Structure formats: C-alpha cells, structure tokens
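A.B. asks: Relevant sequence annotations retrieved from TrEMBL are reproduced here:
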DOMAIN    39-285  domain 'G-protein coupled receptors family 1 profile'
TRANSMEM  26-45  transmembrane segment
TRANSMEM  57-76  transmembrane segment
TRANSMEM  96-118  transmembrane segment
TRANSMEM  138-160  transmembrane segment
TRANSMEM  203-223  transmembrane segment
TRANSMEM  235-256  transmembrane segment
TRANSMEM  268-287  transmembrane segment
C-alpha cells in the first residue's frame with residue numbers, strides 16, 4: 001500500500017490543561033532549563049581551560065555535560081514556550097526531528113555512562129596501567145563511538161517511523177514527540193514496528209545497565225585491597241557516577257519496562273528525566289569533586 005500522509009501538523013496535549021497550572025510550570029521550569037545550560041556549560045568550559053582537569057575522567061564528564069545541554073534543548077525550549085500557548089502544535093517533520101535528536105542524544109548519554117564506568121574500573125582495578133590504557137586518543141575514540149552509537153540507534157528508529165502513513169487523528173497525548181505516542185496516530189497496525197523500536201531501545205538500555213552494574217560490583221570487590229584513604233577517594237568518585245546512573249535509568253525503567261499508558265504520572269516521570277536530571281548532573285559532580293570545585297574557584301577568581 002502506498003504511503004499516504006494527510007497529516008502535516010500535530011497537536012500536542014501538553015503536561016496540564018489548566019492555564020494557571022501551565023503558567024506556574026513556566027515559572028518553575030524556565031530557571032531549571034537555564035541552570036541546566038549554565039551548569040553543564042560551566043563544566044565544559046572548565047575542562048577546556050583548566051590544566052588540572054586533563055585526566056580521562058574529565059574528558060568524559062565534559063562530553064556528558066555537552067550531551068546534557070543538547071539533550072535537554074531537544075525537548076525543553078519547545079515545552080516551555082508551549083506552556084504559554086493556547087494551541088500547542090508541531091509539524092510532522094519537526095516531530096520526527098525531535099524524536100531523532102531525543103533518541104540520538106539519550107543513547108549517546110547511555111554509552112558515555114558505560115564508558116565512564118569502564119574508566120573508573122581501569123583506574124581502580126588496574127591503576128599501574130591506567131594511563132597506557134586510557135590514553136587521550138583512546139578517550140576521544142570512546143567518546144566518538146558513543147556519539148556514533150546514538151546516531152545509528154536513532155537513524156533506525158526514525159527510518160521505521162517515517163514509513164508509517166498518518167491520515168488522522170493528529171493529537172499526541174504528551175508534551176513532546178516520542179515513538180509510542182506517534183505510533184498511535186498511524187493509519188495502520190504498528191505492532192511489528194513497536195516491537196522493533198522497543199527491542200532496539202530496550203536491548204541497549206538493558207545491556208548497558210547490566211554492564212554498569214557488573215562494573216561497579218567488580219570495583220567494590222577490588223576496593224577491599226585498597227587502603228582506607230584509597231577506598232574513601234574511590235567511593236567518593238564512584239558515588240557521583242552511580243547517582244547519575246540511578247537518576248537516568250530509574251525513570252526510564254519505570255516508563256519503558258511496562259505497557260504504555262496515558263497516565264499523567266508517565267508525563268511527570270518524563271519531566272524528571274528531560275528537565276530535572278540534566279540540571280542535577282553538574283551539581284552532583286561538582287559538590288562531590290574537590291578538583292572541580294577548585295577549578296571553579298580559580299575560573300571565578302580570574303574573572304573578578
């Protein structure tokens with residue numbers, strides 16, 4: 001059957017229907033987004049200019065912060081402006097573009113978290129070989145592979161979605177475009193497509209989560225061989241990373257490891273990982289890292 005599209009524009013229901021609640025959300029979420037961009041941007045700037053932040057861990061942290069800025073910017077600016085709009089619309093092409101960048105950057109972040117876990121594993125379990133294994137060339141290659149992996153994953157998702165016919169209705173029950181809400185609007189059975197995209201996302205998330213858990217189990221076992229001071233420093237560094245992993249994977253597991261629904265709770269959980277978590281990451285890494293805090297003080301001192 002030839003692909004037919006009578007729908008060129010989609011209407012987004014948004015997070016809440018009450019105009020007063022939407023205005024309150026605007027006042028709350030705009031500062032959060034600005035803090036996300038400024039906080040993560042500060043980490044990128046510090047790693048770029050500070051000579052004390054040249055180790056592999058900070059290369060990965062800078063890349064993660066850059067991904068967080070882009071990831072949040074894929075959804076949040078449109079979401080915030082829609083809070084003040086009476087009718088929330090997006091073109092079909094714009095919707096597909098948002099899906100592409102959302103999945104591209106989300107999976108790139110997953111791979112970066114795995115790379116950061118591997119970096120901590122090498123640093124703690126093979127300290128004498130750390131600089132040889134994690135050379136700058138290897139670090140930049142791992143970052144590039146993370147971005148490439150996200151790109152390939154997202155291309156598959158969008159190529160599947162772009163083949164579907166959309167002839168009405170045109171209302172997406174969400175505050176941004178995602179695959180499952182979009183599939184509900186297709187004028188054909190999307191069972192096979194839904195299984196493929198969920199398997200694509202699910203396998204990446206599950207395998208990555210298992211690798212992350214395994215890495216930290218091995219790290220914790222190996223920490224028994226270290227001195228008390230060594231254990232304290234290693235646990236301090238790992239605690240920040242584990243916190244970020246839990247904040248990222250927790251909401252994703254809640255949403256994607258069960259049947260899709262239209263519950264308001266699902267939208268609120270999505271707000272957490274699209275709006276709140278990207279803002280928390282720089283705070284988590286900065287508060288628990290003396291080197292980052294010292295770099296901030298030096299950078300701030302030069303500006304005064």
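Positions of Cβ are set from backbone N, Cα and C atoms, glycine also.
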A.B. asks: Using Cβ distances below 8 Å and needing 3 or more such pairs, separated by at least 6 in sequence, tell me whether the transmembrane segment (96-118) contacts the transmembrane segment (268-287).
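C.D. replies: These two stretches do not touch.
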A.B. asks: Are there residues at least six beyond either end of the transmembrane segment (268-287) with Cβ under 8 Å to its Cβ atoms? List them, or say none.
C.D. replies: 15, 29, 32-33, 35-36, 39-40, 42-43, 61, 64-65, 68-69, 71-72, 75-76, 79, 174-176, 240, 243-244, 247-248, 251-252, 254-255, 293, 296
A.B. asks: The transmembrane segment (26-45): which same-chain residues, six or more beyond its ends, come within Cβ distance under 8 Å?
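C.D. replies: For the transmembrane segment (26-45), the sequence-distant neighbours (Cβ-Cβ under 8 Å, at least 6 residues beyond its ends) are 61-62, 65-66, 68-69, 72-73, 76-77, 79-80, 83-84, 275-276, 278-279, 281-283, 285-286, 292, 296, 299.
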A.B. asks: Against which stretches of its own chain does the transmembrane segment (235-256) lie, if we need a Cβ under 8 Å and a gap of at least six residues from its ends?
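C.D. replies: Hits for the transmembrane segment (235-256): 57, 109-110, 113, 116-117, 120, 124, 198, 201-202, 205, 209, 212, 216, 219, 223, 266, 269-270, 272-273, 277, 280-281, 284-285, 288-289.
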